[in-house]
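Features of the protein shown, as given by Swiss-Prot:
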- 1-17: signal peptide (SIGNAL)
- 20-119: domain 'Ig-like C2-type 1' (DOMAIN)
- C46-C102: disulfide bond (DISULFID)
- N78: N-linked glycosylation site (CARBOHYD)
- C145-C197: disulfide bond (DISULFID)
- C246-C293: disulfide bond (DISULFID)
- C335-C385: disulfide bond (DISULFID)
- C428-C484: disulfide bond (DISULFID)
- N470: N-linked glycosylation site (CARBOHYD)
- C525-C575: disulfide bond (DISULFID)
- C617-C669: disulfide bond (DISULFID)
- N666: N-linked glycosylation site (CARBOHYD)
- C711-C766: disulfide bond (DISULFID)
- C809-C865: disulfide bond (DISULFID)
- 987-1086: domain 'Fibronectin type-III 2' (DOMAIN)
- N1160: N-linked glycosylation site (CARBOHYD)
- N1250: N-linked glycosylation site (CARBOHYD)
- C1307-C1359: disulfide bond (DISULFID)
- 1379-1473: domain 'Fibronectin type-III 5' (DOMAIN)
- 1595-1615: transmembrane segment (TRANSMEM)
- 1799-1809: compositional bias 'Low complexity' (COMPBIAS)
Amino acid sequence: MWILALSLFQSFANVFSEEPHSSLYFVNASLQEVVFASTSGTLVPCPAAGIPPVTLRWYLATGEEIYDVPGIRHVHPNGTLQIFPFPPSSFSTLIHDNTYYCTAENPSGKIRSQDVHIKAVLREPYTVRVEDQKTMRGNVAVFKCIIPSSVEAYVTVVSWEKDTVSLVSGSRFLITSTGALYIKDVQNEDGLYNYRCITRHRYTGETRQSNSARLFVSDPANSAPSILDGFDHRKAMAGQRVELPCKALGHPEPDYRWLKDNMPLELSGRFQKTVTGLLIENSRPSDSGSYVCEVSNRYGTAKVIGRLYVKQPLKATISPRKVKSSVGSQVSLSCSVTGNEDQELSWYRNGEILNPGKNVRITGLNHANLIMDHMVKSDGGAYQCFVRKDKLSAQDYVQVVLEDGTPKIISAFSEKVVSPAEPVSLVCNVKGTPLPTVTWTLDDDPILKGSGHRISQMITSEGNVVSYLNISSSQVRDGGVYRCTANNSAGVVLYQARINVRGPASIRPMKNITAIAGRDTYIHCRVIGYPYYSIKWYKNANLLPFNHRQVAFENNGTLKLSDVQKEVDEGEYTCNVLVQPQLSTSQSVHVTVKVPPFIQPFEFPRFSIGQRVFIPCVVVSGDLPITITWQKDGRPIPASLGVTIDNIDFTSSLRISNLSLMHNGNYTCIARNEAAAVEHQSQLIVRVPPKFVVQPRDQDGIYGKAVILNCSAEGYPVPTIVWKFSKGAGVPQFQPIALNGRIQVLSNGSLLIKHVVEEDSGYYLCKVSNDVGADVSKSMYLTVKIPAMITSYPNTTLATQGQRKEMSCTAHGEKPIIVRWEKEDRIINPEMARYLVSTKEVGEEVISTLQILPTVREDSGFFSCHAINSYGEDRGIIQLTVQEPPDPPEIEIKDVKARTITLRWTMGFDGNSPITGYDIECKNKSDSWDSAQRTKDVSPQLNSATIIDIHPSSTYSIRMYAKNRIGKSEPSNEITITADEAAPDGPPQEVHLEPTSSQSIRVTWKAPKKHLQNGIIRGYQIGYREYSTGGNFQFNIISIDTTGDSEVYTLDNLNKFTQYGLVVQACNRAGTGPSSQEIITTTLEDVPSYPPENVQAIATSPESISISWSTLSKEALNGILQGFRVIYWANLIDGELGEIKNVTTTQPSLELDGLEKYTNYSIQVLAFTRAGDGVRSEQIFTRTKEDVPGPPAGVKAAAASASMVFVSWLPPLKLNGIIRKYTVFCSHPYPTVISEFEASPDSFSYRIPNLSRNRQYSVWVVAVTSAGRGNSSEIITVEPLAKAPARILTFSGTVTTPWMKDIVLPCKAVGDPSPAVKWMKDSNGTPSLVTIDGRRSIFSNGSFVIRTVKAEDSGYYSCVANNNWGSDEIILNLQVQVPPDQPRLTVSKTTSSSITLSWLPGDNGGSSIRGYILQYSEDNSEQWGSFPISPSERSYRLENLKCGTWYKFTLTAQNGVGPGRISEIIEAKTLGKEPQFSKEQELFASINTTRVRLNLIGWNDGGCPITSFTLEYRPFGTTVWTTAQRTSLSKSYILYDLQEATWYELQMRVCNSAGCAEKQANFATLNYDGSTIPPLIKSVVQSEEGLTTNEGLKILVTISCILVGVLLLFVLLLVVRRRRREQRLKRLRDAKSLAEMLMSKNTRTSDTLSKQQQTLRMHIDIPRAQLLIEERDTMETIDDRSTVLLTDADFGEAAKQKSLTVTHTVHYQSVSQATGPLVDVSDARPGTNPTTRRNAKAGPTARNRYASQWTLNRPHPTISAHTLTTDWRLPTPRATGSVDKESDSYSVSPSQDTDRARSSMVSTESASSTYEELARAYEHAKMEEQLRHAKFTITECFISDTSSEQLTAGTNEYTDSLTSSTPSESGICRFTASPPKPQDGGRVVNMAVPKAHRPGDLIHLPPYLRMDFLLNRGAPGTSRDLSLGQACLEPQKSRTLKRPTVLEPTPMEASSSTSSTREGQQSWQQGAVATLPQREGAELGQAAKMSSSQESLLDSRGHLKGNNPYAKSYTLV
């Protein structure tokens, strides 16, 4: 097999790489300028780089690659350009002040950097100076540092000095960005100092100090503004901060107004007016324009006008950013430019500029678009867009990646052998860009259409071309080498392989071949047929190969000729194929060798312009004919060039008769023949002799100025210009000019002299040469003109006040010269009497003298003499100082201490003579200066001194003198000062500690002794630390203010049960005194903070677990360990929790005994101290060990045929482990044979075959665990029968399932024949067949399936099986578990930081409650927190709540099914309210002249700790408040440093967590003599004419409007009240109807006796309640708030039977003993959500707090239960003459005499007057421990249908008409509580029960309905059983009874009832018995047993209470 693949590619320059990681980039693209000092040199790294490493080169801007100049310039291998330090004489513009650029090149391409201007700065001397300034006191002064223009660009101001002290920008001194010094609010003393600026050269680092300047300060005088600082133009880049100075001097202070482009400028945002002028932040180009600063006051105006130029930085961006294309495609690039306009844009490719050409187009505005067509591979690389404007430039680049679009073979056919007539398909898969064209050949012959070959192709989704060649029936001639060729503009690729067709071998005729000499040639032998033996080649009968250039491939018949030679290789070649050993065939081919041309190399010699050129191109070898052509620069030579070409045979000549510059270029000679085309290229360079473009001419130069001597020339090569100089005007003797920093040659050849001096005058010669032709030169004469200059003058001079002074200056320059004298800015005229000016000429100089007669202080300052001529002006500044004795210093107190006083003085005018010393005098205030203590000759360098050894609090007088060389000053101002206080010398007294809690200690103490206080005690520092005898702990310090002589402070957040040491220190203004003696105490004990660790539990037996744990550390105990408590409970299999138990021990281990076998237990351990239980540990789980199981719970056996029986059983009730198997025993007595059969643990039936017919067998079953066999079940007998009756092996029982699951009820029946099975469900006591639908079906095995089980699927199901011989039935009780109902959540107790919640669980949904989730949120907050709560809990206390804050709560119960409904949101508020100030307390304790003591005891914290105390005060009529903010409130607070005899405003703000309170007050300090000042008077000024008519009318209209408004408000209140009443009545009626609807629609049928019915609950909102119960000896007040639950069944029954009073009895589980208040409702809000609270009706205003009062007495143990009666105010039916006795029931009913009744019962508190209060009291009465076994009777009032105000109860003879105070809305009229039943007496021997009140002591309120369905329960005996069964099993029927079942009264009950009542009861009982269905006694007993759970059923029994249609009573048991 063979495969030959050849690739032919076009020839491209290898300048591009497709390496994926090849890239170029810039490391510092912003580098555009490098300035350096000539003395230091510089290193300039190339800004470009790349990966892989790049080649870096540097070029001049002209494109010339730079070269190393030893010692001057060097390019390092890493591309860094170094310029070496050099002296000024070696300065070269070409090197040291030129533009460079750098290139980086790698296979990715080539990029060039932006132009980098490199400039060397020569070191030249310069001076900076500052001029004296004038200003007015209180105004602004501006000093400027004047820098010479020659160095201004390099020198910056770094600081200013005042005398020798550096100034920093601050409140009064400001240094601007331009280096100016601003002095704000100038004072006289500012004129006493010298000011100078310090500059630094940016590049040389040299610093210069200016001369000293003075500030002359004058008194303010009215004057027009004069500009001190301004600007004429500013340049900035966008984004920079711009400062435009504008400052003027004037009085009054002038106003500033800014205009931009003649429009007022709005000063806001980015534009800000500052002290210095205008500040522009983040400048923009739009900010450019003309700015005017107008300065004006009432005396005149001034302006500063300037322009601002904000330039946008140039930025170029090329898009697209990534260019990836292919060869032959078009590429378009766009360059977007931001920044200045009119910029120049150019394109570069690989560092070379791009010009428009054949395939290159540059279009768009400013040439922004580059379009390149027909891209070739050399076009790839880096493309750059350069933008240039002035000296700014920017660039961007992008790499253009050209993919190799050369075709590539992806997959192709392979060599194969086929048989004749066999179809052949060849495939060639090719890719390339552009899409290649595929052609096919067979043995180098094209395959044509119709030749038996079919060619087709397709393009895949990947862009590949797939070409197919198909041969439907191959023949021998179809064999050969097939080649597929793919061709596109990028290249060609081919693939070939041989296809052999079996058949006789032969050779297809071969075509002659033409070979090219010097190249390789392949000759293929075109063999067809297969197989054959060999292929051989011959030439001239010689077997090939016979030399090294010949290679014969015998396997495929190919001959290769390398480096073909015409003489050797041309000729006949024969291919011989050996077909059989003795048979061969052959074919010959002729090879002709063609020789390509070879051009003899030629080069252009050096030619000059105008010469003639003749260049021959000779082809020295190659086959004829040969064609020769010429090209210039790659294109045909245009005829316009005048070039002549002569061709003769194998030669061609190029002739140019007259050379010019346009002939420059590359000339190429191209020779072609049949073999090839070759070329040779040479460059023609035409040289041009130099000539002048600008010739030098005579010029004048001004001394000190710059001059340019023009001279420029052109030529090729670029000519060199050399300058020479001949000094003077004589015969020129030219010498080369030494170039330096002052004299430079410009790039155009001109000569620059930066600073002309007199020696520069003379002849200058400009010589131009370029080695082409003769040099040219031209001379010129430079004349130097000298401007007027001051050559001599004194810089400074001194004069003595009152004496004569002369000053002179000398001028030099071109005559005539005028000299003028100035003083400051005033010209000195001859009219000035004290000044005399004289001038004289001495040679070339002019001397001028100024005389002053005599000198005064004002003569001090700067005088200047000005010299002026035609060429310039100069001036000399002379500083005259007039000396005199100094002014006295201004002294002030710098620091006062207890025993030292430090003075500070400011020296006034020093008399222009240095101060030589100071004298200080100090005396007691009462002494004379003669006895003063003096300190002389204090150093003049000092400006402060300290006086020592003074007495604290003593008063002294101090003054001082200044001295200089001239004399002594007058005495200074006299100051009087009192020494400071000293720190206390004694500790606080009587320090006592008292622990108040486990984390707090109360500290009390008294102030130090008076004589040791050393001032006013202002506060104390308390230091405390944990006390340790061996430790050295640092004290924690707390600072507090003083409140009086005795202090109290409580330390909080301390460690529990920890010993602390404490000290107290007193503080005054001077500091802190000594500490008190350290006192030790210990915080109180607390519960442990952490649980025991490492709790481990191991099961030791089936009934015991061993537990161990680690003891707690001392830090975690928080007290003395009393022991450990282990809490444990069983986790039952069904997910329920067992009883929670706990065991106490003192050891860290415990053995739990008596546990359930093989049961998983949850275990927690806690430690407890004397303070209580600590934190429980995390639950751990341990299972007891296995034991032998109990007996199976049941066994059944039934005959299935004559020889086979089935046995079924139930698992043991006590598994005691994992059941491994069951063993079934079968035996018969005759003979005794016991057979054992094993069944798997998950099997509960077994088939026993092969039994004898009609023989009885004994069967029993045993369960087996890993511990062994358990006890056997009961033994049953069974007999195989041929006619086996139907029997059911499944057991009856209860099936429990969660809702929404699929449930299968099994019913396995056996018998012979097989029995039929049917299912029925008990419906209202009557079984009926189950409904078969999509949710219910019966399997073939008899099982009944219910899918997605629901609550209504609960009930009793019967499975009946029967056949011909018998039947059987089982009953399955299906219980469906649902999520639990919502709990009933109430608030039971509140404190200032905690809220205790209690709840009653709702219906558990058939599954025990697993836990609760309590959620809470602070009011007005959307954030909710949550707590998981144990299922056994019924209350929860939330700690660490905010005081006086409302909170919202919800509770959710969870059972095995999931979470239930969320309870209603209830709200509660922690105790506390905002602070308030007591009116009985006086705010101001004491007031004197400068101090006020505030009495803060009057602030009541409202029960919540004060969190902040803010006090502000200010003098009356001012706007600035003085603030004192504290976090704690002390007893008193002292305001210090007040102004005497001043009225003050005072406002206080005190806050706690409940809110804030404010208090305002005014007070006045006393006069200095202790007298008071006049009070504040607000005067009202009224005109004498009195009120006008219009004013009187206005008052009348105002009063009328107020009266009308009050009237409207009163009417509105009446309407709102009536509407609220109507809405309230409507809501109650709606609640009634809703309850009836819920009763009828939402009743959940319950077939399970142990489960209470599920009902929809409604929330009841009861804001307040009050319950009154008297006790004979004591009275206890219990605050209460609760929620009432009534049921819709009750409400509905009441609606149906209004004429009856129905009593319901409910079992209620007792709660724990309560000894304190049940709940505090003083801050309760109505409603369970914020909207309800806001809309609730306000309660009675007469009382602020409600009390629930219980009167409890202890019953005698032998007292029997009393009869419960409804205790209406109606007369009780009795015999005539009977005496009323107080009822033994607890009753509350409406009272007519409300005021009298309440007063007699509640003392000063009002009794309840609303239904809500009684309903809440009733709810919590049920929860009281004392009433756990009491009976409650409720009488409920309903709305009268007749809307009557009178409620009637019974007949007329029993009617008691209620007054209008009786409520006309529904509610509980009363409820009563009676002692327990006799059988409960033993359990309540020591329990208190309530005593009933009189009928008049009643409280009334309406009911809020929340319905629970109530089930009836009968009385003992037949009627009771029937009632119970009816209520539990047939609830629907129980509601259809005409009358409820009533119990017969007990003897005690009968004694309290009337005869008519008993008759009514008997008649009702008869009716009830007649209608009740009969049930089996066992079932009723079971039902009674189930109903005793905590969620007990409610039963109804009636008591006939007369004919009152609006009352019914409820009795709860």
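Residue positions begin at 1 at the first shown residue.
Cβ atoms here come from the backbone N, Cα and C positions, even for glycine.
Locations of recorded Swiss-Prot features on the structure.
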residue	record	Cβ contacts under 8 Å, 6 or more apart
C46	disulfide bond	L56, W58, G79, T80, L81, C102, A104, S113
C293	disulfide bond	G230, L244, C246, Y256, R257, W258, G277, L278, K303, V304, I305
C385	disulfide bond	A316, I318, L333, C335, L345, S346, W347, Y348, L370, Q395, D396, Y397
C428	disulfide bond	I409, A412, F413, V438, V466, S467, L469, C484, A486, Y495
C525	disulfide bond	I507, M510, I535, W537, G557, T558, L559, C575, V577, Q587
C865	disulfide bond	I790, Y793, C809, A811, V819, R820, W821, E822, S848, L850, R875, G876, I878
N1160	N-linked glycosylation site	A1130, N1131, F1181, T1182, R1183
N1250	N-linked glycosylation site	S1203, M1204
C1359	disulfide bond	I1288, T1290, L1305, C1307, A1309, V1317, K1318, W1319, G1342, F1344, E1369, I1370, L1372
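Distance between Cα atoms for N78 (N-linked glycosylation site) and C766 (disulfide bond): 40 Å, as a whole number. For the domain 'Ig-like C2-type 1' (20-119), the model's pLDDT averages out at 87.
Across the structure, C617 (disulfide bond) and N666 (N-linked glycosylation site) are spaced 14 Å apart at their Cα atoms. Ranking the disulfide-bonded residues C102, C197, C711 by how many other Cβ atoms lie within 10 angstroms of each Cβ puts C102 at the bottom. Taking Cα separation as the measure, C145 (disulfide bond) is nearest to C711 of the recorded positions N666, C669, C711. According to DSSP, the secondary structure content of the domain 'Ig-like C2-type 1' (20-119) in residues is 7 helix, 48 strand, 45 coil. For C669 (disulfide bond) paired with C711 (disulfide bond), the C-alpha to C-alpha distance reads 43 Å.
Nearest in space to N470 (N-linked glycosylation site), taking C-alpha to C-alpha distance over the recorded positions C197, N666, C711, C766, is N666. Ranking the recorded positions N666, C711, C766 by the distance of their Cα atoms from the Cα of C197 (disulfide bond) places C711 first. When the glycosylation sites N78, N470, N666 are compared by the number of other C-beta atoms lying within 10 angstroms of their own C-beta, N78 comes out lowest. Each residue contributes its Cα atom, and for N666 (N-linked glycosylation site) and C711 (disulfide bond) these two points are 33 Å apart. Of the listed disulfide-bonded residues C575, C617, the Cβ environment within 10 Å is emptiest of other Cβ atoms at C575.
Counting every protein chain shown, the number of other Cβ atoms lying within 10 Å of the Cβ of C809 (disulfide bond) is 26.
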